[in-house]
Amino acid sequence: MANEFSLALYEKVACKNIIQRALDIALLFLLVSLLFYRLYSLNNHGFVWLLAFFCESWFTFNWFLLVSSKWNPVDFKTYPENLAQRFPELPLVDMFVTTADPVLEPPIITVNTILSLLAVDYPADKLACYLSDDGCSPLTFYSLVEASKFAKLWVPFCKKYKIQVRAPFRYFLDDPISFTSSANSEFRQDWKKMKAEYEHLSLKIEEAGRKSGPWDLTGEFAIFSNVERSNHPTIIKAIGDNKQSSSDGDVPHLVYISREKRPKHAHHYKAGAMNVLTRVSGLITNAPYMLNVDCDMFVNNPQVVRQAMCQLLDSKSEREIAFVQYPQCFYDGPKDDPYGNQLVVLMEYLGRGIAGIQGPCYSGTGCFHRRKVIYGLWPDDSENQGRNHTSINGKLTDNEPLKEFGKSKEFSESVTYALKGKKGFSNNISGSLEAAFQVSRCGYEFGTSWGTKVGWIYGSMTEDVITGLTIHKKGWKSTFPMPNPPAFLGCAPSGGPAAMTQQKRWATGLLEILVSDKSPIFATLTDRLQFRMFLAYFWILSWGLGSIPELCYAALPAYCIIANSHFLPKVQDPAILIPLAIFVIYNLLTLREYLKTGISIRAWWNNMRMGRINAASAYLFGTLSVVLKLLGLSDTVFEVTQKDQSSDGDQTNDTTNFTFDASPIFVPGTTLMLVHLTALLALSLKLRPLVHDVGHVVGLGEVLCSIWVVLCFLPFLKGLFRTGKYGIPSSTIFKSTSLALVFVYLCRTS
């Protein structure tokens, strides 16, 4: 008889971080010491000293939140080899993919994600894949139809030869025949055939994209003949319907969905699409577990579903773990991460740290959910198997139990099955289509709890974080496995405008949550959110708020040089050692984190630089968007990030040079650069004092800080002298110059 350890499905292992903790605490102590010094000497200084104190207070509080969040890092190890012994009958899993724009999110990227999902190492009859197309694009549908034909060859090929990378566009970058002497003749023949088939598929999709359409909008494409992107009825097409018994030749269900949209009805962006996917899949397959991935995040580890099941099916998990969140990893990122958006160190340290509290935040992709948790189940009710149908208010009730889910009787029945954990719900696709059309209508959610207590939660552009927060507030936990190789790989934004747009959207959505009625501020008192988990959420949600002290602190050195003042202790003052030690320790600490993660010094510098740039620009505009929304002057707008089609691994200067466009998001950074250049130029040309007060003399510290800011914003300095997409547009330079002149004038008159 196997012992208990041999049958373990996963374990949670604490990571040692004594040196990390010591450095974090030392830096926190220095920050607090600087604040006490500011307070002690406040009477001897003016407004500049007070402004520095407020900025440094925010930095100290922010560092405290960060230290708390990464204090107890953990690792999750899974043992999928034990899964068959514990669970001979594996559960169903529904896989969701979302896309919104065939131009910004090219169909060939979506197709590769779909193909990688269909080919995972899991019984095909236990899987179903649903694509939500919010662009209502016949090109996307056509690509999916062609991909389903290729999948009938690709899936058996992957399982027969145990292929590791199951996204064709990545797999065929290498030629295993040329460097694998053990490759037999059958494999060689199959490999060449498969590559030719994939190249043919890619060519057909590419040609279809160049034309007005490869279809006459007749037959199965007729439904696209008179539709607009934001005004069309529901379209549901069962492209692949696996009706065979389980075998290596099977391909999972594949369903295309484009939900109904009408101009006068809010569609709630990705959250609304995810809720439609949840309802439609609940009628067709009703799997107890759901995986959602973005259209550009392909499966990189074919064992990923089995690894997730190890954590969700463990005996204690039923009443503890709500979802399994895999970290976001990226392929073919530009060398040394020039835009600072690959998030490697953030996942390595902060991700592991939060996993040691209540579990990671839901990040919107690469996540396995329990369906009944998405339906509102609380941990206390998990043992009752939802016998009274619903627990969205924290208690099981018998009065009108299913009205919160809508008026569809068929869907209510599927909810009952899901909450009770029952099997045997009908999964006949053709027989479920009529009810599926009903639950996909834009008015179906009126009078229900969808988006408020059930499903993906509305009210923020970061629907993932607010949904995860709602789940954590009920007392559920989550896990953060980091397998090798990574479970999913995606493409990060590869240009200045795309990267800044993504950061702005994140900052906007996160701050929307913080100031909403779903804020975690009181969740530790009224709900079951752990206190340290609240601190972690507060650190994440307040990214946008940090833009104000960041921008003010970055402008202080230039102000002091122009106004002949100082915000740092004099060089001869022993107190100067405090900010100097903070600067040195912080940079060495972060550099240590990057080097331990295997990342270059250049990448560390790029990330530090982009942190300052994002804070002074993208986060600032995100904050302004939320303020205008609160004032009722405008509403926030969801912006889809441009996805990069490049798959050849080419890393040239075209991807490492910072790019610009005419967006106002580049105005603050350009203004800050011009202000510091003016201050340093005035200092070097001995044009000072620009004010008549000679009672103070600007110190060396302010000059060095000004030079440091220029180094951080060096891409903007280069952009002033370049043209095309690498140069800052003249309209941005004009606006920034005007603001810089106003700043200099205010410095002189202050």
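Backbone N, Cα and C atoms are what each Cβ position is placed from, and that goes for glycine too.
The structure displayed is predicted, hence computed values, not measured ones.
The transmembrane segment annotation in TrEMBL covers 21-40 (among others).
For 46-67 (among others), the entry in TrEMBL reads transmembrane segment.
The UDP-alpha-D-glucose binding site feature in TrEMBL is assigned to Glu105, Asp134. Within the same chain, the residues at least 6 positions away from Asp134 (UDP-alpha-D-glucose binding site) whose Cβ sits under 8 Å from its Cβ are Thr98, Thr99, Ala100, Asp101, Ser258, Arg259, Lys261, His267, Tyr269, Lys270, Ala273, listed in sequence order.
Annotation comment: TrEMBL describes Asp134 (among others) as active site.
Residues annotated as Mn(2+) binding site in TrEMBL: Lys270, Asp294. Over all protein chains present, the Cβ of Lys270 (Mn(2+) binding site) has 22 other Cβ atoms lying within 10 Å.
Annotation for Asp464 (active site): same-chain Cβ neighbours under 8 Å, separated by at least 6 residues, are Cys361, Tyr362, Ser363, Gly364, Thr365, Cys367, Trp456. Among the features that TrEMBL reports, active site is placed at Asp464 (among others).
The transmembrane segment annotation in TrEMBL covers 534-556 (among others).
The feature transmembrane segment is assigned by TrEMBL to 576-595 (among others).
Annotated transmembrane segment per TrEMBL: 616-634 (among others), in sequence order.
Positions annotated as transmembrane segment by TrEMBL: 665-685 (among others).
For the transmembrane segment (697-716), the list of distant contacts is 496, 554, 556-558, 560-561, 564-571, 576, 579, 608-609, 612-613, 658, 666, 669-670, 672-673, 676-677, 679-680, 683, 688, 728: same-chain residues at least six beyond its ends, Cβ to Cβ under 8 Å. Taken from TrEMBL, the feature transmembrane segment applies to 697-716 (among others).
Annotated transmembrane segment per TrEMBL: 728-747 (among others), in sequence order.
For the pair formed by Asp294 (Mn(2+) binding site) and Glu105 (UDP-alpha-D-glucose binding site), distance between Cα atoms is given as 10 Å, rounded to the nearest Å. The stretch from 21-40, 534-556, 576-595 with the most CB pairs below 8 A to the transmembrane segment (616-634) is 534-556. Looking at 21-40, 576-595, 665-685, the range that has the most CB pairs within less than 8 A of the transmembrane segment (534-556) turns out to be 665-685.
Glu105 (UDP-alpha-D-glucose binding site) is surrounded by 25 other CB atoms, counting those within 10 A of its CB over all protein chains shown.
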